[in-house]
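Chemist: TrEMBL feature annotations, pasted as is:
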BINDING   His53, His101, Asp186, His190  Mn(2+) binding site
DOMAIN    28-109  domain 'Manganese/iron superoxide dismutase N-terminal'
DOMAIN    116-219  domain 'Manganese/iron superoxide dismutase C-terminal'
Amino acid sequence: MLCRVGQIRRCAASLSQTINQVAASRQKHTLPDLTYDYGALEPHICAEIMQLHHSKHHATYVNNLNVTEEKYQEALAKGDVTTQVALQPALKFNGGGHINHTIFWTNLSPNGGGEPQGELMEAIKRDFGSFQKMKEKMSAATVAVQGSGWGWLGYEKESGRLRIAACANQDPLQGSTGLIPLLGIDVWEHAYYLQYKNVRPDYVKAIWNVVNWENVSERLQIAKK
């Protein structure tokens with residue numbers, strides 16, 4: 001009996017060590033670098049907004065996501081389902097914030113604006129009638145977000161069509177709607193208030209001047225595979 005108890009204890013200690021090693025080796029999420037300076041999107045988005053948005057707000061989502069995932073791994077190891085369930089909102093909020101902003105930074109470029117080309121433009125014309133109609137529809141949906149959230153141009157894999165959607169808070173587009181994100185517009189107040197105050201429509205109108213259509217086109221190609 002003592003031998004068996006000792007064996008059980010050794011197995012438990014070994015399992016605990018393995019779990020700890022896996023948790024320690026888990027690669028943490030990091031704040032992605034921007035490919036342009038904070039002031040590069042001026043006058044459409046000022047440097048102060050970009051610095052705060054990237055180095056403070058996005059960094060907070062990343063840090064909180066890492067902390068929440070560590071707690072979740074501990075709860076998994078303990079079989080603590082109650083804690084796992086309790087952590088779901090934080091995982092969704094901070095994970096969504098990290099996903100959304102990582103896309104957002106690449107959707108913008110100091111050399112952006114204008115109109116897309118090639119297959120993306122043809123898809124826009126097919127699904128919305130014209131580029132201008134797509135802009136108007138996406139702008140209206142984005143401005144109309146109640147409180148904080150995002151406006152999105154997404155790809156519906158089943159139909160092969162482009163769709164416009166809005167998500168509340170930091171809800172990720174694909175996890176919430178099934179649409180693959182191509183272009184996102186952040187309408188949390190921290191994304192525009194310092195420059196545009198409470199006039200969200202002016203911010204949404206201005207951001208089209210820095211949309212990186214090459215990035216959006218690349219995302220469409222990947223989504224179609």
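Every residue, even glycine, has its Cβ placed from backbone N, Cα and C.
Show me how these features fit into the shown structure, please.
Modeler: Around the Cβ of His53 (Mn(2+) binding site), 22 further Cβ atoms fall within 10 Å across all displayed protein chains.
The predicted model assigns the domain 'Manganese/iron superoxide dismutase C-terminal' (116-219) a mean pLDDT of 98.
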Chemist: For the recorded Mn(2+) site formed by His53, His101, Asp186, His190, name the remaining residues of the chain with Cβ within 8 Å of the site's Cβ center, in chain order.
Modeler: His54, His57, His58, Phe104, Trp188, Ala191
Chemist: Would you pick out, from the binding-site residues His101, His190, the residue whose Cβ has the largest number of other Cβ atoms within 10 Å?
Modeler: His101
Chemist: Give me the DSSP three-state residue breakdown of the domain 'Manganese/iron superoxide dismutase N-terminal' (28-109), ordered helix, strand, coil.
Modeler: 59 helix, 1 strand, 22 coil
